[in-house]
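**Student:** Encoded as structure tokens, here's the structure I'll be asking about.
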Amino acid sequence: MTVLKMTDLDLQGKRVLIREDLNVPVKDGVVTSDARILASLPTIKLALEKGAAVMVCSHLGRPTEGEFSAENSLKPVADYLSRALGREVPLVADYLGGVEVKAGDIVLFENVRFNKGEKKNADELAQQYAALCDVFVMDAFGTAHRAEGSTHGVAKFAKVAAAGPLLAAELDALGKALGNPAKPMAAIVAGSKVSTKLDVLNSLSQICDQLIVGGGIANTFLAAAGHPVGKSLYEPDLLDTARAIAAKVSVPLPVDVVVAKEFAESAAATVKLIADVADDDMILDIGPQTAAQFAELLKSSRTILWNGPVGVFEFDQFGNGTKVLAQAIADSAAFSIAGGGDTLAAIDKYGVAQQISYISTGGGAFLEFVEGKVLPAVEVLEARAKA
């Protein structure tokens, strides 16, 4: 994968537009999870150190395109960046006609989705973005799977289009985990539905030695193997699909589970052997025996890919399975890569971020890369590098 890298460019005195993924949760005007902002800081600092006039852009939330909405404003992000960088980071709302930024200074552009044509990747808007800069830097892996004005279109028209350090590191890490993984390789794929992760499961079944499933996905595999799942979430129409995947790769199934009679924070948790699951039980986590077995599998792996918590870890009584596996990944000597929104929240909760080799900032983009799909924003950078 050959792309031009920001780290190789002379940015002194250049106007540099950096597309970051600053789509963070905000409550009452305050950023509540800063992982994506923290991930973007090294790129922003490097551009400033290189003497660039830095312009940063991102989307936040899902506003009606072309309309301002206060709840989707990047103002809280500008405030956060100002504190993190120890200097004022002005939020500029009206920038498409041109902006004055001095070398060594930084501004944050207001939400790109307030611009008409952003999501449709309109050439006219992309050309306006491109006219703002000498160098466009795509650093938002989390939106690389979307061909939008600020992720794809601008890269077609900018004088120079390069990958930022965060995007480049992401591509390198994913290439290492998926291109030529050290064996044995284990993957954890969890989520509510097989249907939403079918391509991921199929893709990983071709390169993995162990495919550990969790959540509603595991329930479908359990039902496919003839085990009772009570009133748990599962997909009866995908039992044959689950069997076909299990025929291609080792899919270890839970021997015990944690069940409840209702899905609620106050629900009483009971550990049961899988054969003892009653008709009115909901499976909300893997049991301690299963967690220990899966942890042993991870211990002997040399590559681990983790996407999704294996239980409803937001409720502590259904979090032990995810906690044990998170710790097993942290303790492992394997090259480990983790991605997907809920996965990041679990990593935060159990404090294992420092012990995971690479944490992907992309949710949908991470999954599409794992599926083997071409990411439009990366494809255009490759095309520009060849040209």
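From the backbone N, Cα and C atoms, a Cβ is placed for every residue, glycine too.
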**Student:** Name the one residue among Arg36, Arg83 that Swiss-Prot lists for the same substrate site as Asp21, Leu22, Asn23, His59, Leu60, Gly61, Arg62, Arg113, Arg146.
**Tutor:** Arg36
**Student:** Which of these binding-site residues has the least crowded Cβ, counting other Cβ atoms within 10 Å: Asp21, Glu314, Asp342?
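**Tutor:** Taking Asp21, Glu314, Asp342 as the binding-site residues, the minimal 10 Å Cβ count falls on Glu314.
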**Student:** Please work out the number of neighbouring Cβ atoms within 10 Å of the Cβ of Arg113 (substrate binding site), leaving out its own Cβ.
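**Tutor:** Its Cβ shell of radius 10 Å holds 24 other Cβ atoms.
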**Student:** If you count, for each of the binding-site residues Asn23, Thr343, the other Cβ atoms lying within 10 Å of its Cβ, which residue has the minimum?
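**Tutor:** Relative to the other binding-site residues in Asn23, Thr343, Asn23 has the fewest Cβ atoms within 10 Å.
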**Student:** Compute the C-alpha separation of Asp342 (ATP binding site) from His59 (substrate binding site), stating it in Å without decimals.
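**Tutor:** So the alpha carbons of Asp342 (ATP binding site) and His59 (substrate binding site) sit roughly 20 Å from each other.
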